[in-house]
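Database features (Swiss-Prot):
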type     : residues                               : note
BINDING  : 175, 241                               : Mn(2+) binding site
BINDING  : 178, 179, 180, 192, 193, 194, 197, 198 : prenylated FMN binding site
ACT_SITE : 290                                    : active site, proton donor
């Protein structure tokens, strides 16, 4: 992988501007609903990232739509094009289950991968740009940040791109996660993390090891794109997101110790929120419009108390909105889809392609094509998708087709479903499985069912009937008609 070089978010914005991928908005625009309207229209048209230089009522510019096209996601991951993300996936598959060299020649073939791994360790700085300006105590005021209100019935302004940094009591490695945070006071946010996410797991372990003690948390806003994307990529549990970001960027990730705790944050981030979660301090979060296109239920989550705000000079506030696809999470899903394919193929070599349609809210429906080898094979692949990567724990529907079907063409997929499936025989229903908390269609919050559709050709043992043979054109006839097609002038 030849990394597209940039050091921090500002470098990346310069790169985008040089390629016509960034638009500066000088007209005053309100972070309350108006920025969402403009960003939504721009994203749906495949437009540029937007830097609102004069948000109404605030002195800090707002960056939106940063990852609004698959190309910009690829650029953030150090690549020129989305197709190159397959190489990122191959590297992750290698790191997840590295294979020792089989000989001297194989060692040389693997050297590029080992060389990339050497870029992984972080570089710790004594001082950093993210600590150029410091507010603490009574000077902490989150209302000075141009936090967006995205939809008319949202409960309050919402931080959407907060890179949350935590560490469990028994872990050397920090966890990075993107969790939305509702603004409820000058120094108070609600930390909405689901129970299986890394930050929530760190918090639960802390409560068990240090009952009654405050849990240190830091949040980075405006980190460099590689670090942000590292937090939403299926990085192996043994690898830190910072290390993976360094791999993407081609240089070690620079971090700095926080002022009030021992957590390490991206040194070049625009803004850092430092603070703690008081055990037992909870608050009702929501409702908010989310990536499903609906407002979610109100539920209680921990309160994050901010004790310090540090930031760069002339800091930029990075934000987004979530709504019915297409939105930024859906675009991220399209790009990261290419990363997932090699990881799945390493575990299941029979998989030819894997596709998460963006209209399926990024992860709720998956289409898999495979080289089927035996009766029941499609069901094995279904179960593998649900269990191998935790990113697909919430995937409700898995459709499995043969490799003569294009997973990314609904015409092909629907044809396979309607001609190769018997609804009773080829539908797999699994009850009482983990489901996204935001999925109000499930009968119980966080618990619901899954459906697998086996749309493959059936083998002996799966059917007693003679199976249909697909129609295939005679290639000689096709060639003869190709030769006279223009002469026929049918469409002239």
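Every residue gets a Cβ built from N, Cα and C, even glycine.
The model shown is predicted, which means the values in this text are computed figures rather than measured ones.
Taking a C-beta cut-off of under 8 Å and a sequence gap of six or more, residue 241 (Mn(2+) binding site) has these contacts in its own chain: 175, 176, 227, 230, 231, 233, 235. Fewest Cβ neighbours within 10 Å among the binding-site residues 180, 192, 197: this applies to 197.
Within 8 Å of the centroid defined by the CB atoms of 178, 179, 180, 192, 193, 194, 197, 198, the record's prenylated FMN site, lie the Cβ atoms of 164, 177, 191, 199, 200, excluding the listed residues themselves. Note on the binding-site residues 178, 194: the fewest other CB atoms within 10 A surround the CB of 194. Of all Cα pairs drawn from 178, 179, 180, 192, 193, 194, 197, 198, which the record names as binding prenylated FMN, the longest spans 14 Å. Non-local contacts of residue 198 (prenylated FMN binding site) by the CB criterion (under 8 A, 6+ apart in sequence, same chain) comprise 166, 175, 176, 177. The Cβ of residue 179 (prenylated FMN binding site) has 162, 164, 191, 192, 193, 197, 199 as same-chain neighbours under 8 Å, each 6 or more residues away in sequence. The two recorded residues residue 178 (prenylated FMN binding site) and residue 290 (active site, proton donor) have their Cα atoms spaced 14 Å from each other. Packing around residue 290 (active site, proton donor) is summarised by its Cβ count: 22 other Cβ atoms lie within 10 angstroms of its Cβ, all protein chains included.
Counting in whole angstrom, the residue listed as 'active site, proton donor' lies 15 from residue 194 (prenylated FMN binding site) by their C-alpha atoms.
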